[in-house]
């Protein structure tokens, strides 16, 4: 009996591409998603056959695409970044935005919370990385002039390594940069990609970093040493990456499917593709010609904290939920 991923169900409420999915660290039944429909949806997971989750709340306030969303470690707040140039902090219980973070001069592409939730980092098309406190005050800006990126900053993440507080950023300038959080100084520039880098992920123990983008290659880096370890061929543009919390796996959302590698053997263990015809038949009993023609792909990914469930957001606004199963 092999272990693999099977489609458990779908979640439908967004009307445009799902740009980000945030899952709680306590494995509770609430997840949050962001979309180009300018909204954030708070979902209650029901795990039903027809619908894996139901919409609890739609959070609105951003005036343009919402590009990223993350959850605070207590699961009470969500933080979002939008093409309207702002970040917003949301009180999920009240369903309201409690704070706006204004300072970027162009689209915000990525946001992240530090492990203790006391610091916030954001990345933008204005080529800067900003560090904020939770009051919405910008404490530091890493800009293009000095050691900063020379093009759009597409993704930014905190490392979970508390001994060496670190920020990792990816950019359209084809580099990944590693920053000391204590003084916002550059620790290393990771060069190796031949096209823009759209996503970066840090392993659960903070030792590894994976990056991907236009060139269709995932590069794995040793964060402490600042050196390249190896590469994995996705052979398709990469939109999102995430490590599995309890297995030595890395997942990539590509334009040709979701690829999952076992990092020990460096082999592909899964290549998940959507069967739109079967999906249509399951939901309404009819597979239309239009359904078969539509090309969709995954743009966002996140695992449940226990590593049993993979949530994937697609260009058609649907969240597809994959579960570990035996077959």
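Residue 1 is the first one shown; counting continues down the chain.
Each residue, glycine too, has its Cβ placed from N, Cα and C.
Because the structure is a prediction, the values reported are computed rather than measured.
Taken from Swiss-Prot as is:
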REPEAT    13-44  repeat 'WD 1'
REPEAT    61-91  repeat 'WD 2'
REPEAT    103-133  repeat 'WD 3'
REPEAT    148-180  repeat 'WD 4'
REPEAT    192-222  repeat 'WD 5'
REPEAT    233-262  repeat 'WD 6'
REPEAT    293-323  repeat 'WD 7'
Report, as numbers and ranges, every residue of the chain located at least six residues beyond the repeat 'WD 4' (148-180) whose Cβ falls under 8 Å of a Cβ in that stretch; write 'none' if there are none.
109-115, 119, 121-125, 127-129, 131, 142, 186-191, 193-202, 204-207, 209, 211, 213, 219, 221, 223-224, 226
Touch test for the repeat 'WD 1' (13-44) and the repeat 'WD 3' (103-133), at least 3 Cβ pairs under 8 Å:
no
Stretch among 61-91, 103-133, 233-262, 293-323 sharing the most Cβ pairs under 8 Å with the repeat 'WD 5' (192-222):
233-262
State the residues, same chain only, that lie 6 or more residues beyond the ends of the repeat 'WD 3' (103-133) and have a CB under 8 A from a CB inside it; answer 'none' if no residue qualifies.
64-65, 67-74, 77, 79-87, 139-144, 148-158, 160, 162, 165, 167, 169, 179, 181, 184
Long-range Cβ neighbours of the repeat 'WD 6' (233-262) (under 8 Å; 6 or more residues past either end):
5, 198-204, 208, 210-214, 216-218, 220, 268-273, 297-303, 305-307, 310, 312, 322
On the 0 to 100 pLDDT scale, where does the repeat 'WD 4' (148-180) sit on average?
96
